[in-house]
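Colleague: Dropping the structure in here first, questions after.
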């Protein structure tokens, strides 16, 4: 990627004048990216090998950031958008547009999975929706999702927003964070880290698979709290001095 593309990655700050390039195009990019991410993630659920599922999610998010990051910043995840907004990198109004686009994109991606997979395979894989591991308490699952999402969003902020640490390798760093989180948390919490990834498959599979919304709140509360924690941690301690809320440089 060029330097300009790297500068636009994740922390794109758009002109307040609006317009197709600064509002419509980024929102459409988030819609398309979320759709593709959910589709590939759910399709990968046919594979019983956790490593393969983790890599499918991680590599997909890396490729999407490389391809669409220069347009929208490459969030594709309401938790990431929340963290980036708290970090002061995008405006709340645009973040709301991203949030809606991501959820709708996730719904479309899940619908594509339903259309492509034979019914018996779709039911067996539960449409790729998340579920808790056997015996996992929902409260502790939320705690796990908070930790996993905090790791992901903090990786996004430090590799793509922070002026001192942002890197052209940010897409790979973020993709690896997704993959590692799924490898570690997938068997217990589902390692969603993304409400759009959880919501679309739950809605689309509702008529075919029983219990589609069992413990569904886990994958909203946990990731969004993780996004808040990562965003506030960054804004308070690690942001550049002009955006940092505390321990900032003060005139003598």
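Cβ coordinates are placed from backbone N, Cα and C, and glycine is handled just like the others.
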Colleague: Transmembrane segment per TrEMBL: which of the ranges 138-161, 162-185 is that?
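Modeller: Range annotated as transmembrane segment by TrEMBL: 138-161.
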Colleague: Pairs of Cβ atoms less than 8 Å apart decide it: which stretch in 23-42, 49-73, 138-161, 217-237 has the most with the transmembrane segment (93-117)?
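Modeller: Per the Cβ count, the answer is 23-42.
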Colleague: Tally Cβ pairs under 8 Å between the transmembrane segment (138-161) and each listed stretch (23-42, 49-73, 217-237), then give the stretch with the top tally.
Modeller: 217-237
Colleague: Can you name the far-off residues of the same chain, 6+ from the ends of the transmembrane segment (217-237), with a Cβ under 8 Å from a Cβ of it?
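Modeller: Cβ under 8 Å, 6 or more out: 77-88, 130, 132, 138, 141-150, 152-154, 156-158, 161-162, 189-190, 192-195, 197-199, 243-247.
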